[in-house]
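*Asks:* Annotations per TrEMBL:
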type: BINDING; residues: I6, G7, V8, G9, G10, M11, S34, A68, V69, T70, P71; note: NADP(+) binding site
type: BINDING; residues: N55; note: NADPH binding site
type: DOMAIN; residues: 2-98; note: domain 'Pyrroline-5-carboxylate reductase catalytic N-terminal'
type: DOMAIN; residues: 161-262; note: domain 'Pyrroline-5-carboxylate reductase dimerisation'
Amino acid sequence: MKIGFIGVGGMAQAIITGLLKQTKLTPSDILIHSAHASTYEPFANKTGVTAKATNAEVAQDSDVVVLAVTPNVATPVLQEIRDQLDAKRKILISIVAGLSLKRLEELAGYDLPILRTLPNLNVAIGAGMTAVHANEHLTGEAKQQAVGLFDQIGSTVTLPEADFSTFSALAGSSPAYVYFFIDSLSRAGVKHGLTKAAATKIAAQAVMGSAEMVLKSDENPFGLIDQVSSPGGSTVAGLLAMEEAGFMTSVVKGIDATIDRDNAE
Ligand SMILES: NC(=O)C1=CN([C@@H]2O[C@H](COP(=O)(O)OP(=O)(O)OC[C@H]3O[C@@H](n4cnc5c(N)ncnc54)[C@H](O)[C@@H]3O)[C@@H](O)[C@H]2O)C=CC1
Ligand SMILES: O=C(O)[C@@H]1CCC=N1
């Protein structure tokens with residue numbers, strides 16, 4: 001199976017890196033092209049994947065075409081490759097935020113099997129969280145194959161398209177917010193005398209363990225908060241100070257702004 005990526009920015013590189021680490025796909029199975037040779041050529045040299053001269057060549061030579069360009073250029077790029085997207089032989093996977101299946105079908109072909117996805121950056125290490133929704137033409141083995149790519153680089157969830165914006169905020173963008181939280185913890189550690197490297201490692205490990213605890217424990221996060229908060233202790237003092245500064249409100253406001261921006265695409 002040949003997988004072609006159109007657009008080779010941060011997200012496409014994360015998916016390719018994850019696929020090469022976590023699946024049986026080899027660099028020769030992966031084709032790429034984007035608008036910026038200065039990005040995709042060094043990436044092709046580093047990973048051994050094949051750089052093609054045009055978007056159309058990628059679409060022509062691939063069984064699965066992954067649209068990984070920014071939303072503002074998705075329309076002209078699909079118009080450019082539409083003739084290569086033979087509905088009997090190809091699957092289109094889109095990772096473009098805010099681009100509906102209806103619009104993808106209008107642009108790429110009404111009979112084409114299409115999987116709309118919304119992955120996150122952590123696919124690069126096999127720990128992604130990806131939302132998927134297939135159109136009616138993507139069924140059976142082909143659907144398993146397309147969704148299976150994302151299952152192998154993390155977890156997937158099938159969601160109605162109406163929930164994609166919320167998912168995008170909670171899982172697509174949230175790695176940035178969690179990295180921000182880790183960096184904030186780490187800076188606090190530096191303020192109190194730790195080196196940045198030590199503080200970052202300590203904070204990241206604590207965040208990873210806490211996420212795993214939420215997933216594996218029967219308790220909800222509030223129950224776990226209570227378990228950490230010793231009566232009269234330091235944790236509850238910290239929690240109250242964070243809440244006084246508006247911790248939960250700032251998180252919810254950030255997610256609201258993320259969803260509003262995604263809906264405006
Ligand atoms: N970065 C993330 O964490 C996530 C991004 N996405 C989606 O992935 C897509 C790509 O996002 P990023 O990788 O962050 O952006 P990026 O800016 O890093 O990459 C965009 C790529 O598109 C290429 N491009 C631009 N015009 C082109 C054209 N005419 N033909 C071919 N390639 C062209 C650029 O050269 C670049 O390689 C977006 O649609 C975004 O909504 C979805 C989920 C998460
Ligand atoms: O920032 C963005 O628009 C994309 C969508 C989800 C994560 N990154």
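Using the three backbone atoms N, Cα and C, a Cβ is placed for every residue, glycine included.
On this model, are these features tucked inside or out on the surface, and what's nearby?
*Replies:* The secondary structure of S34 (NADP(+) binding site), as reduced to three states from DSSP, is coil rather than helix or strand.
DSSP assigns N55 (NADPH binding site) to a helix. Under a cutoff of 8 A between CB atoms, and with a sequence separation of 6+ in the same chain, the neighbours of N55 (NADPH binding site) are I6, H33, V77, E80, I81.
For the domain 'Pyrroline-5-carboxylate reductase catalytic N-terminal' (2-98), the model gives a mean pLDDT of 97.
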*Asks:* Quiz question: given the binding-site residues I6, V8, which has the greatest number of C-beta atoms lying within 10 angstroms of its own C-beta?
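*Replies:* Counting every other Cβ within 10 Å of each candidate, the maximum falls on I6.
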*Asks:* Just to confirm: which same-chain residues, 6+ apart in sequence, have a Cβ under 8 Å from the Cβ of V69 (NADP(+) binding site)?
*Replies:* I6, G7, G9, S34, A35, V77, V96
